[in-house]
Structure formats: structure tokens, C-alpha cells
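Reading through the C-alpha cells given below for one structure.
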């Protein structure tokens, strides 16, 4: 694990971003290939997982995303830096990035991960299995208790949102808001704290 972190830290920012995009596209591919084998009919089952229910999206998606991101930011500010240090990976990904890039990455990650973990895995294997797999995939947090607890809680909460709403738009919006707001916080944190 330590060697992997060192390798990532030695990567150029551009190369790290490229690997992130490729990994998320791979998750999308896995979601769609997997759905070919378990969804019947495939198009109809995917379509049923999306609902443009505005009040549901705002109440469950937007409010949840803002609440979770707010709690995470408060914890980052009040806890010692080592608790939220992921080996510098998130800093490397978001520091000095254009805002549109942060939104793009957050949207790509939210769509890819929610289609795979909620859309395919949760509908196939259930809430608990999908939430555990989601947490395990974030392996770089295993040696960081606060980050691990955070990702496990968020994973189960996203799974719960999908369980309650059966709407991927809700979980995508929540996931997008969490990632984009935390990315923006990382992006602007050093500038604000310098003053």
C-alpha cells in the first residue's frame, strides 16, 4: 500500500488526472457490461432507475449532498490534518485546478460509481453488499480510520438513499455535491488559510 501511495505521489498531476478519468470510464464500462448479463430487458431496467422527481431530487439529493459535504468540511477544519490526509492524492487532484475541471471530475465519478454500485450492484446483490463493496473499492483509506469511517458512512447513506427513492438521479446528485464541494474546498483552502 505504501509503495502504491509513493508511486501516485510521484505521478505528474496530468497523469494522475488521466488515470482517474480512465478508472471511472472503466467503472462505467463494467456497469454496462454487467447489466447486459443481469438486466432483462436492459434498456427498460436502466430507465426505471431514473426519475426526474424534482422534490425528491432536492430533498434527498441536494440537501443530503450539502449536509454531508458540510459535515466533512467541518471535520477537516477541526480535526488534525493527519486524520484527513489521504497521502496527498486529493490535494494533487484538485489543488490549482480550474473549477470546471473539479465539476467535470465530480460528475464523472458520481455517474460512474452510482451506476455501478447502486444501479448494478445494489439492484442485483442488495444494499449491504453494494455498500461494503463501495467502501472496499476506496482501499487507499483503509489505514486512515477517519477517512475509512467517513467513506463507509457515506457509502451506506448513498445506498440507503437509493433504497428509499429507487432513483439514481438522487444518489448521483448527492455524490456529485459531496465530491465537487470537497474538491472546491481543497482547491481554495490554501488560498483562504494563507490570509
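Positions of Cβ are set from backbone N, Cα and C atoms, glycine also.
Nobody curates TrEMBL annotations by hand; they come from automatic prediction.
Sequence annotations record features per position, and here TrEMBL assigns domain 'CAAX prenyl protease 2/Lysostaphin resistance protein A-like' to 97-180.
Long-range contacts of the transmembrane segment (20-39) within the same chain: residues 45-46, 93, 105, 108-109, 111-113, 115-116, 119-120, 124, each at least 6 residues beyond the stretch ends and with a Cβ under 8 Å from a Cβ of the stretch. The transmembrane segment annotation in TrEMBL covers 20-39 (among others).
Note on the transmembrane segment (59-79): residues 146, 150, 154, 157, 161, 164-165, 167, 169-178, 181-182, 185 of its chain, located 6 or more positions outside it, place their CB under 8 angstroms from a CB of the stretch. The feature transmembrane segment is assigned by TrEMBL to 59-79 (among others).
Annotated transmembrane segment per TrEMBL: 99-117 (among others), in sequence order. Note on the transmembrane segment (99-117): residues 17, 20-21, 24-25, 27-28, 30-32, 34, 93, 130-131, 133-134, 155, 158-159, 162, 168, 171-173, 175-176, 179-180, 183-184, 187 of its chain, located 6 or more positions outside it, place their CB under 8 angstroms from a CB of the stretch.
The transmembrane segment annotation in TrEMBL covers 123-139 (among others).
Annotation source TrEMBL lists transmembrane segment at 146-163 (among others).
Sequence-remote contacts of a segment are chain residues at least 6 beyond its ends whose Cβ falls under 8 Å from one of its Cβ atoms, and for the transmembrane segment (169-188) they are 50-52, 56-57, 60-62, 64-66, 68-70, 72-73, 76, 90-91, 93-97, 99, 102-103, 105-107, 109-111, 113-114, 118, 154, 158, 161-162. Look at TrEMBL and you will find 169-188 (among others) tagged as transmembrane segment.
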